[in-house]
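Reproduced below are the annotations present in Swiss-Prot:
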- ARG191, GLY192, GLY193, ARG194, THR311, ASN335, SER524, ARG585: CoA binding site (BINDING)
- GLY387, GLU388, PRO389, ASP411, THR412, TRP413, TRP414, GLN415, THR416, ASP501, ARG516, ARG527: ATP binding site (BINDING)
- VAL538, HIS540, ILE543: Mg(2+) binding site (BINDING)
- LYS610: N6-acetyllysine (MOD_RES)
Amino acid sequence: MSEAHIYPVKENIKAHTHADNDTYLAMYQQSVTDPERFWSEHGKIVDWIKPFTKVKQTSFDTGHVDIRWFEDGTLNVSANCIDRHLAERGDDVAIIWEGDNPEDDKTLTYNELYTEVCRFSNALKEQGVRKGDVVCLYMPMVPEAAVAMLACTRIGAVHTIVFGGFSPEALAGRIIDSDAKVVITADEGVRGGRAVPLKKNVDEALTNPEVKTISKVVVFKRTGGNIDWHEHRDVWWHEATAKVSDVCPPEEMKAEDPLFILYTSGSTGKPKGVLHTTGGYLVYATMTFKYVFDYQPGETFWCTADVGWITGHTYLVYGPLANGAKTILFEGVPNYPNTSRMSEVVDKHQVNILYTAPTAIRALMAKGNEAIEGTDRSSLRIMGSVGEPINPEAWEWYYKTIGNEKSPIVDTWWQTETGGILITPLPGATALKPGSATRPFFGVQPALVDNMGNVIEDQAAEGNLVILDSWPGQMRTVYGDHERFEQTYFSTFKGMYFTGDGARRDEDGYYWITGRVDDVLNVSGHRMGTAEIESALVAHPKIAEAAIVGIPHDIKGQAIYAYVTLNAGEYPTAELHKEVKDWVRKEIGPIATPDVLHWTDALPKTRSGKIMRRILRKIATGDTSNLGDTSTLADPSVVDKLIAEKAELV
């Protein structure tokens, strides 16, 4: 691969930072050699009702996996995100809402957020919600989504958010698994100029005979569209909040009380309910937000994720608000009504920190300068990437085109299961290499192991990425199935948390995520991460996006099957076919040359923008009779089109 360029820490960032390199090294050293002392001190980043005296009781031992942090302390999440800021910054903006339509926006100050959250907390109590009950949110990206989350935490209810794009079947499955008591939804959502039938989907989900626990559906009026109404079950948000008090004392919660359940699709079978608890999660969300984004008071932070994903939980709602930040909640999509929408929002709200996904970056990159037309983005100070490894070409484009070569990029690696960011640069401390997530955050001990579970001690190495010890934000269990938790994360490599990802570590100790371990190809005895070949393909000037899967090959073991999407205005030709193969040969070597090039207009993606490689593997091998769980697909029609194209390739 082409040698990565190194971007040193910028002097202006270093001058006003929470952690320069010396500070990072000292803090990191303490965090791994004396985690008790480190987290005893930094656990105080949040306000405790009853201070903790126990810091860490954790075990990764087979049959005894047990994770507890700060367990004798008590606190309340909503009080940390709202109440503690009221005296000093009650009139400061907490949430900026930017609607799908660029003309729609509004703000909520911390004082206003307090009132809204207290009201809705009391409304939930009126609907019979008690401490420990599960509340399911199926909401559009409106401020009320954050209000509902915070209200649940205020009264000690456990929220489970289902992304508003999921089908009624997927919603029903999550309601059944979580035993939710109440659903909070809207009449309709709005996304990319189209209405999303949220209430209709809830009605349909609740016709499933297995759904037995729902007593009420609270409906926020977003569009005023026509909906069916069930008199004894359905309640309007505005009516429920009109007649209640706007004072609601926060419930005192134990650190290990459940905070939320968030479902991730397992590659087989039913989705896993990832359970996070109150104290450790909030400490870790607060700490990572402060240091990773180097947040300074008064700055405007924009995480483009939906609240239905872990990124939306941790870095749109809880992390920013616990730090008293100003956070943007965006209803729309980055390219509607035009390609420069993301840049326009940055200018309109003078965004200082932007956190988005490689999928969005690549989609904008394919449109070239249209993505920044009529904007200057001069307010940006820090930019971030999340969701999957970002290929160096997209990193460079993001850095130069969106960020004007002024803003360091924090390429963050983490998972739903980890609660917060685990491997990341710190803006004032870390020299950057495009495509590398760089170094571990405080308290995180990554290691690379071979397939037998032996830790690879060499500095420069490649292997399976594991974490050797617990950190406060770690998930505690799979809801209702602790055995599945142990089986999934701790049985592959004994005594270690297995991330499911492969990585390489370079001579500077920087980590490069190579993709899911099941995305590792073995071609003629050579192990290759699919991410590396995809990066080489996307570096070609005519290619917008690529996905690589392995297919069985009689001689080589595996052959390389490449799905390739071209930039707007480019079309597949025999010349381009040869050119692309030669390009990969030059970038990586003959061993990485794709055996099959499958040109296509679109790849199957989850609604959070991840490419569903499992489906691509099945299509490539012709095994399309059972595609498994496809409920998370953004556009299921893409799959049929790919199957038809594959038939023509043969």
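Note: Cβ is positioned from N, Cα and C throughout, glycine not excepted.
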Could you measure between THR412 (ATP binding site) and GLY193 (CoA binding site) for me? Cα positions, answer in whole angstrom.
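Between the alpha carbons of THR412 (ATP binding site) and GLY193 (CoA binding site) there are 31 Å.
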Relative to the Cβ position of THR311 (CoA binding site), how many further Cβ atoms are located within 10 Å?
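By my count, 26.
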Could you check which of the recorded positions (GLY193, VAL538, HIS540, ARG585, LYS610) sits closest to PRO389 (ATP binding site), going Cα to Cα?
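The answer is LYS610.
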Using the Cβ centroid of VAL538, HIS540, ILE543 as the reference point for the Mg(2+) site, which residues of the same chain not in that list have Cβ within 8 Å?
GLU393, ALA536, LEU537, ALA539, PRO541, LYS542, ALA544, GLU545, ALA546, VAL564, VAL580, TRP583
Taking THR412, THR416 as the binding-site residues to compare, which has the smallest set of other Cβ atoms within 10 Å?
THR416
Give the distance between the Cα atoms of VAL538 (Mg(2+) binding site) and GLY193 (CoA binding site), rounded to the nearest whole Å.
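So the alpha carbons of VAL538 (Mg(2+) binding site) and GLY193 (CoA binding site) sit roughly 30 Å from each other.
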CB neighbours of ARG191 (CoA binding site) within 10 A?
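I count 18 other Cβ atoms within 10 Å of it.
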Looking only at DSSP and grouping its letters into three states, which state does ARG194 (CoA binding site) belong to?
strand
For THR416 (ATP binding site), what is the secondary structure state per DSSP, taken as helix, strand or coil?
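SS state of THR416 (ATP binding site) = helix.
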When you rank ARG191, ASN335, SER524, ILE543, LYS610 by Cα distance to THR416 (ATP binding site), which of the recorded positions ends up on top as the closest?
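Going through ARG191, ASN335, SER524, ILE543, LYS610 one by one, the Cα closest to that of THR416 (ATP binding site) is LYS610.
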Taking the residues ARG191, GLY192, GLY193, ARG194, THR311, ASN335, SER524, ARG585 listed for CoA, what is the greatest CA to CA distance in Å, to the nearest whole number?
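Overall maximum Cα spacing for these binding residues reaches 49 Å.
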Out of GLY193, ASN335, SER524, ARG585, LYS610, the recorded positions in the record, which is closest to TRP414 (ATP binding site) when you go by Cα distance?
LYS610
Counting Cβ neighbours within 10 Å across all chains shown, tell me which of the binding-site residues GLY192, GLY193, PRO389 comes out on top.
PRO389
Please report how many Å separate the Cα atom of SER524 (CoA binding site) from that of ARG516 (ATP binding site), as a whole number.
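Pair distance, Cα basis, whole Å: 20 Å.
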So of all those binding-site residues, GLY192, GLY193, THR311, ARG585, which one's Cα sits nearest to LYS610 (N6-acetyllysine)?
THR311
Using Cα coordinates, what distance in whole Å links ARG585 (CoA binding site) and HIS540 (Mg(2+) binding site)?
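Given the Cα positions, ARG585 (CoA binding site) is 12 Å from HIS540 (Mg(2+) binding site).
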For a quick check of packing: other C-beta atoms within 10 Å of the C-beta of the residue listed as 'N6-acetyllysine', how many?
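By my count, 18.
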